[in-house]
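Novice: Sequence annotations record features per position, and here TrEMBL assigns domain 'RING-type' to 382-426. Positions annotated as transmembrane segment by TrEMBL: 12-32, 96-119, 131-149, 169-187, 207-228, 248-273, 312-333.
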Amino acid sequence: MTIPSNKRLGYSAVSNLFESVFFAFIAIYFGAGRILTNVKVGACLGVSIYKKFDFRTSNGYIKPIGIDLNPYYVVNGYYNTLASSITSISSFNFKLVNLCLIGIFLLTNFVIWVVFGRLTSNEIRNLKDKISYTAWEFCLGFLIFYYSTIRNDEIATNDLSVRHELLKYGGLFLCVFLLKCFHYLSVGRVYTTASNVHDATTLKFQYLRFSIGLAVLNLVDVMLINKYFQEVVSSYSGNSKVSFKDNILITIFGFEILHIFPLIILTTVKYALNCFELFKFGTLDNLEFDSSNAESVKWDDTKLKIIYTCEFLVNLIRFGIGCIFSILFMYFYTFPFHILPSSYLSLRLLVLKARCLLDFRMKNFQMQKLITPRKVGSFEKCIICFDDLSHGLLDDVRVLKNCSHQFHYNCLKNWVNYSSTCPICRKKL
């Protein structure tokens, strides 16, 4: 069957645009960890990330840069072409989109420097491991959307609407990609912000800087969630040029945004608890708390209770979001292969956090059933800390029911985290 010329032109335009967006995500994925250290790769990605260099001869195009070429020669060829053409802007087609992408990379690096400072090699490696599946998930969504528009004659003929949707969701997915990168970096920095800082003024500045970064992270995620619901309403009301059933990108975008939002809230809660603990008690280590300070001991219990409860609720919400979007994909589009890994991980974490919450409540219930002795001998010692039991208050000592052995309450509380038996006779608590 012969395809009309107008449709062939439409297919060609959509194909070129799709290839540009596809290679943009590939370039971002492979260059994310090197753009800060390799000037050559950074310059090539910044100029040619949207549209590949086309080498011309007198006969026309020879061949665009493809994936079948050696990456080493491709990068060096890009760099040599850029170096030879830097004095003459007219020698290559420097579009506005290239300038915007260079600005995005520079802005991203500036935000990383302002909020996180210098990244370590472990942070970059962990970031690439965690973010890898997201890049391929976005590429899979673009593939499904592209081939669905090719099969649909009504949408394929309207080339401008398809190009508009690809560009719009390409930018939105880039925002989601950067949002995930910043979140994964924030998770590791929650507990390490005060590790290498000894000056009080510098410590306050570090916490203030990171607090502003988390606030911006939450604001951007809320704005993207609002954008997703606006797109859904627009698709069903008929204002959008592409319907909800024909646009799988809107569903993938919604899943990624809603799935990451509970984790950002959990990270913010943990950081707020650490800030309160540091500035009130002067430490983030539970073992350094003063045992005689009832307020610090009570805060330790409250903090653990809040963290365990929030972790359970967050993983429950994320697993529910995965189930809901799996049903949507099955009903409107296809089998959700890209959701299965994240849904399985959410289920595993949900079971694990549920067990942690139950164990924590059970340990607190066991500690509350312990009784206070009427008197303590002059030479009796706590076998856990080897201090005399008579030195402290009588309310700080507890007696086990099964064996009548006596210990400090805080020492026994820390012991329960490692074993549920008596430290002396190994009977059940």
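Please read every residue number as a count from 1 along the shown chain.
Glycine is no exception: its Cβ is also placed from the backbone N, Cα and C atoms.
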Novice: What is the pLDDT of the domain 'RING-type' (382-426) when averaged and given as a whole number?
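Specialist: Taking every residue of the domain 'RING-type' (382-426) together, the mean pLDDT is 73.
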Novice: As a test: from 169-187, 207-228, 248-273, pick the stretch that has the greatest number of Cβ pairs under 8 Å with the transmembrane segment (312-333).
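Specialist: By the under-8 Å Cβ criterion, the transmembrane segment (312-333) pairs most with 248-273.
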Novice: Let's see if you can do this one: DSSP helix, strand and coil counts over the domain 'RING-type' (382-426), in that order.
Specialist: 11 helix, 8 strand, 26 coil
Novice: Any residues 6+ beyond the ends of the transmembrane segment (248-273) with a Cβ under 8 Å from its own?
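Specialist: Residues 134, 137-138, 141-142, 144-145, 148, 165, 169, 172-173, 176, 179-180, 183, 186-187, 190, 210-211, 214, 217-218, 221-222, 224-225, 228, 231-232, 235, 303, 306-307, 310-311, 314, 317-318, 321-322, 325, 328-329, 332-333, 338-339, 342.
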